[in-house]
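J.: Pasting in a structure now, in structure tokens, and then I'll have a few things to ask.
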Amino acid sequence: MAPNLRKSHPLLKTINNSLIDLPTPSNISAWWNFGSLLGICLATQILTGLLLAAHYTADTTLAFSSVAHTCRNVQYGWLIRNLHANGASFFFICIYLHIGRGLYYGSYLYKETWNTGIILLLTLMATAFVGYVLPWGQMSFWGATVITNLFSAIPYIGQTLVEWAWGGFSVDNPTLTRFFTLHFLLPFMIAGLTLIHLTFLHESGSNNPLGIVANSDKIPFHPYYSTKDILGFILLLLPLTALALFSPNLLGDPENFTPANPLVTPPHIKPEWYFLFAYAILRSIPNKLGGVLALAASVLILFLIPLLHKSKQRTMTFRPLSQLLFWTLVANLTILTWIGSQPVEHPFIIIGQLASLTYFTILLILFPLIGTLENKMLNH
């Protein structure tokens, strides 16, 4: 009998073991769809990004008009740009839901998978930031100025570091060209990190909603979850195309329709919606270095999550107190996102400070505390 090429070919067998014959828990819910959705987001962003890069000019005098040219004169250029800009939003929606799933169901106990995931998140955030600068509108320019300036808070080397990043004494042409270089490079780095992320995941196999060992009841990935994933793709791509076609500027800032002008500061400098929670935490501390440290901590705190797991149960499925705390955290992040979009004035300042404090309190103190309490309740 001839050997099955799918199982014997060096390349095909890797694909087979990852996407076809992969043993998968039989009870994973739609919350497990977001990994593959992130893969589709990445593929879409790389494809649309390549097409945009073919028409883009990374020069301060030409960048803004080259983007306008793409939208006006290139076949379906407007659609490619709108898909790319809104695709970023969907990328972040998926990654935040994916992280939320990981938190709720204790997936972070696969430490290597979790840590590579956080590195992926940081790389994605860097990619989105440098990409936002490229159209060279007002918010692009001032966003770049404000965020890169944060590095000057680093003692002793800060100012040198910022000028080195800028390639001069302010955000200018060298900054734009290097940001374009980085924006082109980083998505491929994300693709590479994704393979590492999956390699670690397939070492242990997927977690499941019950948080129990599911080896005795696993099913092949294909056709069960391949079909389920395709349904997920459709449900992701439908709202993306709807947004890109009907309301492409809904999530953007009108300020970015004005070409960058170093002499005019926009009244409210704010990032895209997916960074607002971190921006609110940054602004809630009246000290520059303190704010920068809080900003970094708001994301890097995720590295500590596996160490703070005190419960005897892996998931929150049967832990109502932890569930309540989890949804409080979600509400808290929603409040932070809202505060980040508001001007720095009363009552937004105090709300932002309280929400920032609550964010760190829930993750660092209350989650381990409630976990320990629930363990005690199990004994009675």
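Each Cβ is built from the backbone N, Cα and C atoms, and glycine gets one as well.
Pasting the relevant annotations from Swiss-Prot:
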type: TRANSMEM; residues: 34-54; note: transmembrane segment
type: TRANSMEM; residues: 78-99; note: transmembrane segment
type: BINDING; residues: His84, His183; note: heme b b562 binding site
type: BINDING; residues: His98, His197; note: heme b b566 binding site
type: TRANSMEM; residues: 114-134; note: transmembrane segment
type: TRANSMEM; residues: 179-199; note: transmembrane segment
type: BINDING; residues: His202; note: ubiquinone binding site
type: TRANSMEM; residues: 227-247; note: transmembrane segment
type: TRANSMEM; residues: 289-309; note: transmembrane segment
type: TRANSMEM; residues: 321-341; note: transmembrane segment
type: TRANSMEM; residues: 348-368; note: transmembrane segment
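Have a look at these and tell me how they're positioned relative to everything else.
T.: Beyond the transmembrane segment (78-99), the same-chain residues lying 6 or more positions past its ends with a Cβ under 8 Å from any Cβ of the stretch are 31, 34-35, 37-38, 41-42, 44-45, 48-49, 51-52, 67, 70-72, 117, 120-121, 124, 128, 131, 236, 239-241, 243-245, 248, 251-252, 272-274, 302.
Its own atom aside, the Cβ of His183 (heme b b562 binding site) has 22 Cβ atoms within 10 angstroms in the protein chains shown. When secondary structure is read from DSSP and collapsed to three states, His183 (heme b b562 binding site) falls in the helix class.
Sequence-distant neighbours of His98 (heme b b566 binding site) (same chain, 6+ apart, CB under 8 A from its CB) are Phe34, Gly35, Leu38, Gly117.
Long-range contacts of the transmembrane segment (114-134) within its own chain (CB-CB distance under 8 A, at least 6 residues past either end) are made by residues 56, 58, 63, 67, 88, 91-92, 95, 98-99, 102, 107-108, 140-141, 143-144, 147, 175-176, 179-180, 182-183, 186-187, 189-190, 193-194, 196-197, 200, 271-272, 274-275, 299-300, 302-303, 305-306.
Among residues of the same chain six or more beyond the transmembrane segment (179-199), those with a C-beta under 8 A of the stretch's C-beta atoms are 18, 38-39, 42, 45-46, 49, 53, 56, 58, 113, 116-117, 119-120, 123-124, 126-127, 130-131, 133-134, 144.
Summarising the environment of His202 (ubiquinone binding site), the number of other Cβ atoms within 10 Å of its Cβ, over all protein chains shown, is 14.
Here the transmembrane segment (227-247) has Cβ contacts under 8 Å with residues 30, 33, 36-37, 40-41, 44, 79, 82-83, 86-87, 89-90, 94 of the same chain, all six or more residues outside its ends.
Remote same-chain partners of the transmembrane segment (289-309), defined as residues 6 or more beyond its termini with a Cβ less than 8 Å from a stretch Cβ, comprise 99, 103, 106, 108-109, 111, 114-115, 118, 121-122, 125, 150-151, 153-155, 277-279, 281-283, 356, 359-360, 363-364, 367-368, 371.
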J.: Show which residues of the chain containing His84 (heme b b562 binding site), separated from it by at least 6 in sequence, have their CB under 8 Å from its CB.
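T.: Expected: Gln45, Thr48, Gly49, Leu52.
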J.: Any idea what the Cα distance is from His202 (ubiquinone binding site) over to His183 (heme b b562 binding site), rounded to a whole Å?
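T.: With distance taken Cα to Cα, His183 (heme b b562 binding site) is 29 Å from His202 (ubiquinone binding site).
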J.: Rounded to a whole number, how many Å is the Cα of His183 (heme b b562 binding site) away from the Cα of His197 (heme b b566 binding site)?
T.: 21
J.: Inside 10 Å of the Cβ of His197 (heme b b566 binding site), count up the other Cβ atoms and send me the figure.
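T.: Excluding its own Cβ, His197 (heme b b566 binding site) sees 21 Cβ atoms within 10 Å.
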